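Just below is one structure, and these are the notes that go with it.
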């Protein structure tokens with residue numbers, strides 16, 4: 001079995017082949033995300049602790065977290081699931097994946113060093129691969145250089161060198177995101193002012209509408225009362241005329 005071991009602190013990665021079954025027994029029956037002591041791999045691995053991050057079987061099917069089995073299963077996968085990348089919007093597909101429990105049928109096991117041991121491992125812990133790009137977000141730049149809120153972040157941006165033959169060497173800096181500048185504060189003040197204006201305008205319009213509605217309702221009520229009074233007058237008039245006619249007879 002091959003072991004693909006990575007060390008995030010240095011950015012290095014190393015693939016080693018282990019033929020001795022006894023060295024691999026410590027990883028068998030362990031699940032993904034389990035931390036295991038790597039002492040069994042050899043003398044130089046003494047004190048190292050590794051985390052099982054995944055693996056592939058001999059046919060190339062990947063291990064999937066949460067599938068509690070040794071073997072292979074066919075799952076209906078959609079966007080957001082591991083081991084699947086949708087080609088079309090809303091596409092789902094039934095794919096073969098391997099369970100998250102390690103056994104002897106794996107061809108590659110991925111491990112991440114969580115704790116460094118006593119000795120250095122050549123090509124893994126003794127060399128450092130520099131990061132290609134620095135942080136872009138203002139808060140992350142502050143965190144990296146331990147800056148306070150008063151310090152100017154723009155002076156601490158990690159610049160990328162662009163060296164071309166026959167041209168002047170120059171550097172390129174990323175645009176800092178979430179940087180608080182006077183312009184940003186001005187935009188914020190403007191947004192708040194506009195919101196206040198809208199609220200005030202809505203309140204005034206609502207009060208005006210309520211006033212108009214009350215006026216219309218009052219007018220309708222008066223009209224209704226007039227109609228009722230008119231009907232009453234007419235009915236009383238009819239009653240009086242009918243009485244006078246009956247008395248004459």
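Including glycine, each Cβ sits where the backbone N, Cα and C put it.
If you check Swiss-Prot, you get these features:
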| type | residues | note |
| --- | --- | --- |
| COMPBIAS | 217-229 | compositional bias 'Basic and acidic residues' |
| COMPBIAS | 236-249 | compositional bias 'Low complexity' |
| CROSSLNK | 14 | SUMO2 cross-link |
| MOD_RES | 35 | ADP-ribosyl glutamic acid |
| MOD_RES | 137 | (3R)-3-hydroxyarginine |
| MOD_RES | 148 | phosphoserine |
| MOD_RES | 211 | N6-acetyllysine |
| MOD_RES | 235 | phosphoserine |
| MOD_RES | 236 | phosphoserine |
| MOD_RES | 240 | phosphoserine |
| MOD_RES | 242 | phosphoserine |
| MOD_RES | 244 | phosphoserine |
| MOD_RES | 247 | phosphoserine |
| REGION | 217-249 | region 'Disordered' |
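The residues of the region 'Disordered' (217-249), classed with DSSP into helix (H, G, I), strand (E, B) and coil, number 32 helix, 0 strand, 1 coil. Under DSSP, residue 148 (phosphoserine) is assigned to coil, being neither helix nor strand in the three-state scheme. Of all Cβ atoms in the protein chains displayed, 10 besides its own lie within 10 Å of the Cβ of residue 236 (phosphoserine). Candidate recorded positions: 14, 35, 137, 148. Nearest to residue 242 (phosphoserine) by Cα distance: 137. In this structure the C-alpha atoms belonging to residue 236 (phosphoserine) and residue 244 (phosphoserine) are separated by 12 Å. It is 103 Å from the Cα atom of residue 247 (phosphoserine) to that of residue 137 ((3R)-3-hydroxyarginine). In terms of C-alpha distance, the listed recorded positions 14, 148, 211, 244 place 14 closest to residue 35 (ADP-ribosyl glutamic acid). Distances between the Cα of residue 14 (SUMO2 cross-link) and those of the modified residues 137, 148, 211, 240, 244 are shortest for 137.
Of all the modified residues in the record (137, 148, 211, 235), the one with the smallest CA separation from residue 244 (phosphoserine) is 235. The residue listed as '(3R)-3-hydroxyarginine' sits 52 Å from residue 211 (N6-acetyllysine), taking the C-alpha atoms as the reference points.
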